[in-house]
Amino acid sequence: MASWLLFLGSLLQFFTGSKAAVFTLQNRCKETIWPGALSGAGHDLLINGGLQLKPNEKTSVAAPLGWAGRFWARSGCTFDQSGRQGNCATGDCGGLLQCSGTGGTPPASLAEFSLDGLEDFYDVSLVDGFNMPISIIPSGGRGNCSAVKCSSNLNLQCPEQLQVRANGGGDTVACKSACLAFGQPQFCCTGVYNNPQVCKPSHYSEIFKKACPTAYSYPYDDATSVFTCNGANYTIIFC
Ligand SMILES: *[C@@H]1O[C@H](CO)[C@@H](O)[C@H](O)[C@H]1NC(C)=O
Ligand SMILES: *[C@@H]1O[C@H](CO)[C@@H](O)[C@H](O)[C@H]1NC(C)=O
């Protein structure tokens with residue numbers, strides 16, 4: 001009887017979609033970071049769009065069934081006395097602590113999700129570049145549920161033409177993708193290159209792929225970069 005009720009309960013939860021997944025954002029960087037969230041059209045804004053995480057801090061948020069969107073983190077931010085307005089060296093979203101419908105300015109490493117009742121899709125994308133290591137660790141799901149780890153610091157191996165430097169000449173704080181740096185169709189897979197048969201990895205995307213083999217290194221990198229899991233929670237680890 002009890003197990004029947006439990007079964008009915010989870011069925012009801014499944015169909016009413018009260019909660020699909022819990023996301024935990026964790027800062028393993030040595031510095032403070034400011035994660036941001038951008039929801040797909042019509043989906044709930046999570047974590048109010050953005051927040052601050054000091055080293056070793058984490059925060060969790062429940063996403064409704066069917067949620068789709070992305071997380072990234074900003075670095076090198078300074079905010080005014082209100083704590084809500086300022087700017088960030090990487091991943092900035094219009095200078096707001098709580099990104100309200102604005103994504104991070106590339107380059108920024110992304111964790112992307114599309115939660116479905118039957119199957120969740122997730123990936124790490126460096127298509128617009130990299131600003132810090134990012135990993136997705138599923139827990140408690142059924143199916144393949146591979147962890148996606150992009151834990152190398154690409155800023156240290158970034159080709160000169162792709163580097164974003166702090167204050168002009170300082171450390172490399174982010175690494176542009178070739179598409180972002182050069183805007184050419186063969187890197188962006190646009191125009192006549194808008195076809196997986198034609199748009200191939202480049203010298204630049206291969207540097208990204210080598211550092212993070214299970215992340216998107218260019219737009220048609222699907223074969224080795226999309227993962228699925230069913231009914232999991234997800235931890236997103238920065239650094
Ligand atoms: C997800 O996390 C919530 C809250 O901690 C927990 O109740 C639930 O059982 C977890 N789900 C899975 C699939 O581990
Ligand atoms: C899970 O996915 C990984 C990466 O795509 C793949 O190498 C592995 O064979 C898959 N495992 C199963 C059981 O499908």
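Just so you know, glycine gets a Cβ as well, placed from its N, Cα and C.
Keep in mind that TrEMBL annotations are predicted by a computer and have not been checked by a curator.
Per TrEMBL, the feature disulfide bond maps to CYS29-CYS239, CYS77-CYS88, CYS93-CYS99, CYS145-CYS229, CYS150-CYS212, CYS158-CYS175, CYS179-CYS188, CYS189-CYS199. Residues or ranges marked as signal peptide by TrEMBL: 1-20.
Annotated features taken from TrEMBL, shown on the structure.
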residue : record         : Cβ neighbours (10 Å)
CYS77   : disulfide bond : 20
CYS88   : disulfide bond : 26
CYS99   : disulfide bond : 26
CYS150  : disulfide bond : 25
CYS158  : disulfide bond : 23
CYS175  : disulfide bond : 28
CYS179  : disulfide bond : 23
CYS188  : disulfide bond : 20
CYS189  : disulfide bond : 20
CYS212  : disulfide bond : 24
For CYS145 (disulfide bond), the nonlocal same-chain Cβ neighbours (under 8 Å, six or more residues apart) come out as PRO138, PHE227, THR228, CYS229, ASN230, ALA232
For CYS229 (disulfide bond), what is the tally of other C-beta atoms lying within 10 angstroms of its C-beta? 23
Return the residues near CYS239 (disulfide bond) by Cβ distance under 8 Å, restricted to its own chain and a separation of at least 6 in sequence. ASN27, ARG28, CYS29, LYS30, ILE33, MET132, PRO133, SER151
CYS188 (disulfide bond): which of the disulfide-bonded residues CYS77, CYS88, CYS93, CYS150, CYS175, CYS199 have a C-alpha within 10 angstroms of it? CYS199
Provide the number of Cβ atoms within 10 Å of the Cβ of CYS199 (disulfide bond), excluding the reference atom itself. 22
Going by C-alpha distance, which of the disulfide-bonded residues CYS77, CYS88, CYS99, CYS175, CYS189 is nearest to CYS150 (disulfide bond)? CYS175
When the Cα of CYS88 (disulfide bond) is compared with the Cα of each of the disulfide-bonded residues CYS99, CYS175, CYS179, CYS189, CYS199, which one is closest? CYS99
For CYS99 (disulfide bond), identify the closest of the disulfide-bonded residues CYS77, CYS158, CYS179, CYS189, CYS212, judging by Cα separation. CYS77
Restricting to the disulfide-bonded residues CYS77, CYS93, CYS158, CYS189, CYS199, CYS212, which ones have a CA within 10 Å of the CA of CYS179 (disulfide bond)? CYS189
How many neighbouring Cβ atoms, not counting its own, are there within 10 Å of the Cβ of CYS93 (disulfide bond)? 25
CYS29 (disulfide bond) has its Cβ surrounded, within 10 angstroms, by a count of other Cβ atoms equal to 19
If I take the alpha carbons of CYS199 (disulfide bond) and CYS77 (disulfide bond), what is the distance between them in whole Å? 36
Nearest to CYS158 (disulfide bond) by Cα, among CYS77, CYS93, CYS189, CYS212 (disulfide-bonded residues)? CYS212
So which disulfide-bonded residues are near CYS189 (disulfide bond), with CA atoms within 10 Å, out of CYS77, CYS93, CYS175, CYS212? none
